[in-house]
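The structure appears right after this line, and notes come after that.
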């Protein structure tokens, strides 16, 4: 195919395959060059010769009209293809198809016409206005041209390949002209195709936020109404645990009857589960923030005994769970298979830091000026206390791994919230105790920042259904190792804690409070609610302390114990250090992550089930004294 500029004195030949562009003189003689270079004289002597333009070789002027050729090449830079351009090849002009051929595929001439018009403007030649419609100059091949332009992968990459390298000093068109090459193009022409993906990005963001809000709202509403129903019926069994069993059963039935519907159900709630996974440590923090108020009545000797029981009990639970898994694996000899990939939440971005920082500054100033601006002090302090907790978690998550060993993100959360409480109490004159009391009120009609965060604990339990269903094949294949190890480890953890508390002389109420030390906070608080006189703040603090111990020492301990099997390492970690130990191990041993996730959920479920039995509760209370 050939396209001729009516006044520019050149013909652009284009071959559909292998996408070779050829420029040759339109007449029998070449236009005169102002510089009169030897190369142009040689080209004028042989007008039949054509010069192929390739993206992988340096480009040189084939004609004397420098502006016209620049316009031609700027038009070529807009013609993009998925196929790489070949090396320069000389072809006879007669062998190329003409523009009038009805079967030839031709590029759009709109780009060439506009570029030629601009070049003629620079030379002061008469021309038609650029704003005039070019449709009269275009042939009937426009649809093919549009299809060709739709194949363009990257105009910037092709333009970079078409521009000749400039090794001569200087800049701009002057330097390019001195080197005999094309003028550099600093920006794409305004008529280039618009990136549709970038235009759809805001719409996709809005749809994603709406999807997250709907899915997470359904999970939170389900937890709320289940809790109200269980309270009205005077049922002490954890309502969220019942909801988790219901969701898992529905997914199993759907997977049997209509697998596509089960997959759609999982995909719909995936944003909610990833959100919960991303912010999971935050939901453990409130009880740790108000720990200074909870431990004031705990003697120092009792605090030391609790620390000894926590550390010794963690190591014993790890050994029991790990060796049980190894023993069962030697008996059943089930071959280990690859698990389903686990989704990972997105990392924190700078915009989130700025947004939460702005919330903190604005709400802190409002609370300082008017402590009851939102009706009560707890509601007024809620925004900046929540923002300080979130900022502490994000900062702690971005610390180097070496620093995280000593300063875990959960510790950063608690320190950040406590510092905010101290600052507000000092500046407002109310004191730190009042600020911490507003942080966690435990009053639904007057919630604080801690109440908002702990309101997600039920949704954490509900999300276990989705994680277990995703790994259902793994659970079924290794059911013997998983269920046997978790049942033995959970029972051992509860009774060994009661026995150690009795042996070291710890107060019975404190011993009962730390019974579920190896179970996640979401279910540990439900378990201690079965007992009278338990201190839930101490329970949450001990659970977090157990997780921190496991996160820092679980890998070294398992290496010393000889637990090298991925199943044993995953089950042992989750059964002894729940979610925090799971997060620490999965970062370095991804092959153990599926077993960690399964054991993390099942340990709390099994512990809740056995503690819901009155006989088990009475035996634990009897042992504790």
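Backbone N, Cα and C atoms are what each Cβ position is placed from, and that goes for glycine too.
Remember, TrEMBL labels are computer predictions, not curated facts.
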If I go by TrEMBL, the feature transmembrane segment sits on one of 172-190, 381-399. Which?
381-399
TrEMBL lists transmembrane segment for one of the ranges 538-558, 559-579; which is that range?
538-558
Report, as numbers and ranges, which residues of the same chain sit near the transmembrane segment (481-504): CB under 8 Å and 6 or more residues beyond its ends.
305, 308-309, 312-313, 316-317, 320-321, 324-325, 328-329, 332, 334, 475, 510-511, 514-519, 567, 571-572, 575-576, 595, 598-599, 602-603, 606-607, 610-611, 616, 620, 623-625
Under 8 Å Cβ-Cβ from the transmembrane segment (381-399), and at least six residues away from its ends along the same chain, one finds 279, 281-282, 285, 289, 348, 352-353, 356-357, 359-360, 362-364, 367, 371, 374, 407-417, 419-421, 424, 435, 438-439, 447-450, 452-453
Residues of the parent chain within Cβ reach of the transmembrane segment (510-531), under 8 Å, 6 or more residues beyond its termini:
236, 238, 240-241, 283-284, 287, 298, 302, 306, 309-310, 313-314, 317, 457-458, 460-461, 489-490, 493-494, 497-498, 501-502, 538-540, 542-544, 546, 575-579, 600, 603-605, 607-608, 611-612, 617, 620-621, 624-625
Dominant neighbour of the transmembrane segment (347-369) in 205-222, 274-295, 406-427, 592-611, by Cβ pairs under 8 Å:
406-427
Looking at 242-262, 274-295, 301-326, 447-469, which one has the highest count of Cβ pairs under 8 angstroms to the transmembrane segment (406-427)?
274-295
With the greatest number of Cβ pairs under 8 Å to the transmembrane segment (447-469), the stretch among 205-222, 274-295, 301-326 is 274-295
Same-chain Cβ contacts of the transmembrane segment (205-222) under 8 Å, 6 or more residues past its ends?
243, 268-272, 275-276, 455-456, 458-459, 462-463
Under 8 Å Cβ-Cβ from the transmembrane segment (242-262), and at least six residues away from its ends along the same chain, one finds 222-223, 226, 230, 458, 461-462, 464-466, 468-469, 472, 605
